[in-house]
Each structure stands twice: as C-alpha cells, then as structure tokens.
Amino acid sequence: MNLGRLCRLLKPALLCGALAAPGLAGTMCASRDDWRCARSMHEFSAKDIDGHMVNLDKYRGFVCIVTNVASQUGKTEVNYTQLVDLHARYAECGVRILAFPCNQFGKQEPGSNEKIKEFAAGYNVKFDMFSKICVNGDDAHPLWKWMKIQPKGKGILGNAIKWNFTKFLIDKNGCVVKRYGPMEEPLVIEKDLPHYF
C-alpha cells in the first residue's frame with residue numbers, strides 16, 4: 001500500500017483523534033513525510049517574517065501566488081516591482097501573494113528575517129512575507145515539497161526549484177494550477193488570474 005493511500009485511509013481516524021484529544025493530535029502524524037498526505041495548500045503552516053506561525057488555511061477562498069524571493073538577485077527588482085503591482089491591483093479581487101525568502105541560489109538572500117523585512121519595505125511590500133526557508137532538499141519546507149510534486153506543479157528537467165522567483169499559482173481550493181519558471185516575470189501570471197476568480 002502506498003503512503004498516499006495509507007494517509008487517506010488514516011485521515012478520518014486522525015481527525016477524530018484530533019477532535020477527541022487535541023493535545024495528542026500534534027503527535028499522531030508527525031513524520032517527515034506528512035506533506036505527502038496533503039490535498040491542498042490549506043493543510044500547511046509556515047512562520048511569517050516576524051516568526052509567528054501562520055495556518056495557511058487562512059487563504060481558503062483566495063487565489064494565491066506563492067514565490068521564493070531573494071534580495072540580491074539580478075531578477076529582484078523586476079519581480080518585487082511586479083509583485084507589488086499585482087498585489088495593488090488584485091488584492092481586492094481576492095488575490096494573495098506569499099513570498100518565501102530563500103538563500104539556496106547563489107547565496108542571494110543572506111540577511112536575517114529582520115533585514116529581509118527592511119529590504120521589502122523599500123519596495124512598499126504589502127503582501128505576506130514569510131521567514132527564510134529552503135525550497136529544495138531534505139530541509140525544504142513541506143509546502144514547497146508538496147507543490148513540486150503536484151500534477152501542475154512539476155518542473156521542466158525535474159521538479160527541483162531552479163532559481164529565485166519560481167512562482168506557483170494556487171486556486172481558491174488550495175490546489176496548484178500552474179508553475180512559472182524563474183525567468184517568467186510576475187505579470188505573466190496576470191492573464192491566468194481571471195480563470196480562477
């Protein structure tokens with residue numbers, strides 16, 4: 001029996017356990033591979049740029065753009081500028097942007113979360129910034145592991161994130177509907193947004 005099927009079979013029992021014994025629920029399914037059981041982005045959590053844990057279920061009903069960011073990349077200015085523009089024009093329509101700093105590509109995000117937050121403020125960022133993470137390898141954040149194996153989240157020449165500013169479009173149900181490579185500027189996503197409002 002594969003892990004995905006096992007998770008689907010056990011999920012109702014785990015949910016009942018969580019309802020009956022909330023203190024125990026966090027320890028019942030805490031293996032490194034829990035992310036494989038997820039059916040949507042809404043089943044994950046991540047620390048925001050200030051270190052507070054955020055349940056991504058808060059994005060249920062919103063169309064989301066999830067991206068890895070870096071402050072010292074050659075693509076930083078165009079990506080931050082266009083992400084800020086998209087947020088300004090589409091936030092009222094229900095679009096949310098989730099930016100995850102990452103230092104795995106050319107060590108182009110070396111600063112602390114505090115420094116990254118200051119940098120983003122220089123672009124007048126109003127979208128959600130998260131704490132620095134890894135997006136590839138064993139230490140990758142579970143959300144990123146999950147997005148990369150989704151049918152519409154797979155990459156070209158393998159599923160690994162290739163560089164800064166890889167973007168995922170997530171529908172209102174928390175499912176990956178498209179992946180955009182690092183060379184694709186954020187405004188490319190604009191043409192796809194109306195399909196998911």
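Cβ atoms here come from the backbone N, Cα and C positions, even for glycine.
Marked as active site by Swiss-Prot on the basis of similarity to another entry: Unk73. DSSP gives Unk73 (active site) a coil state; it is part of no helix or strand. With a 10 A radius on its CB, Unk73 (active site) counts 19 other CB atoms from all the protein chains.
Annotation for Ser40 (phosphoserine): spatial neighbours Asn173, Gly174, Cys175, criterion Cβ-Cβ under 8 Å with sequence separation of six or more. Taken from Swiss-Prot, the feature phosphoserine applies to Ser40.
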